[in-house]
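**Q** The feature signal peptide is assigned by Swiss-Prot to 1-23, with experimental evidence given as support. Annotated Ca(2+) binding site per Swiss-Prot: ASP34, LEU36, GLU44, TYR45, in sequence order. For HIS51, CYS64, CYS67, HIS68, the entry in Swiss-Prot reads heme c 1 binding site, with the evidence type experimental evidence. Taken from Swiss-Prot, the feature heme c 3 binding site covers HIS54, CYS114, CYS117, HIS118. The heme c 2 binding site annotation in Swiss-Prot covers HIS69, CYS80, CYS85, HIS86. The heme c 4 binding site annotation in Swiss-Prot covers HIS107, CYS133, CYS136, HIS137 and rests on experimental evidence.
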Amino acid sequence: MKKLFSMLVAAALVGTMAMAAQAVPQVPADVVIDHLSNPNAKLEYKVKFSHKAHASLGTDAAACQKCHHKWDGKSEIGGCATEGCHADTTSFKATEKDPKFLMTAFHSKSPMSCQGCHKEMKTAKKTTGPTACAQCHNQK
């Protein structure tokens with residue numbers, strides 16, 4: 001009886017671990033964000049983004065939802081330019097405040113944006129990513 005109980009407990013643990021492994025989304029190591037293009041700009045719009053470095057801040061649903069704020073925690077995670085999120089790529093003004101603009105996803109003061117989160121961390125004297133234009137965008 002003890003042997004049967006031990007086997008059932010072991011099977012339950014293996015099943016639980018397998019389900020947990022499936023729940024964690026696969027994270028690409030690096031991503032190139034290149035949805036915007038402005039030939040008149042002095043800086044490149046294309047940005048190399050280390051998804052792996054950001055994923056190291058946490059792999060639970062809440063950590064992913066810090067940036068992927070429309071993700072339900074179960075379905076496939078979409079990028080910022082996904083329809084229904086920041087799909088409008090027509091604005092090149094970093095001061096644009098409408099959340100539908102892709103530029104807003106990266107440059108607003110909100111802690112859900114790249115720049116907003118980095119500045120919030122910098123204010124809290126935590127290790128952070130870039131907060132100035134040329135730190136992300138290369139000169140043309």
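Heads up, the Cβ atoms here are built off N, Cα and C, so glycines get one too.
Are these features on the surface or tucked inside, and what touches them?
**A** LEU36 (Ca(2+) binding site): 19 other CB atoms within 10 A of its CB, across all protein chains.
Sequence-distant contacts of HIS68 (heme c 1 binding site), defined as residues of its own chain at least six apart whose C-beta falls under 8 angstroms from its C-beta, comprise ILE77, GLY78.
Counting only same-chain residues at least 6 apart in sequence, those with a Cβ under 8 Å from the Cβ of CYS117 (heme c 3 binding site) are LYS66, CYS67, PRO111, THR128. In the three-state DSSP scheme, CYS117 (heme c 3 binding site) is classed as helix.
The local packing around HIS86 (heme c 2 binding site), expressed as other Cβ atoms within 10 Å of its Cβ over all shown chains, amounts to 22.
CYS136 (heme c 4 binding site) has a Cβ environment of 22 other Cβ atoms inside 10 Å.
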**Q** How many Å lie between the Cα of LEU36 (Ca(2+) binding site) and the Cα of HIS86 (heme c 2 binding site)?
**A** 12
**Q** For CYS64, CYS67, CYS80, CYS133, listed as binding-site residues, tell me which one has the smallest number of other Cβ atoms within 10 Å.
**A** CYS133
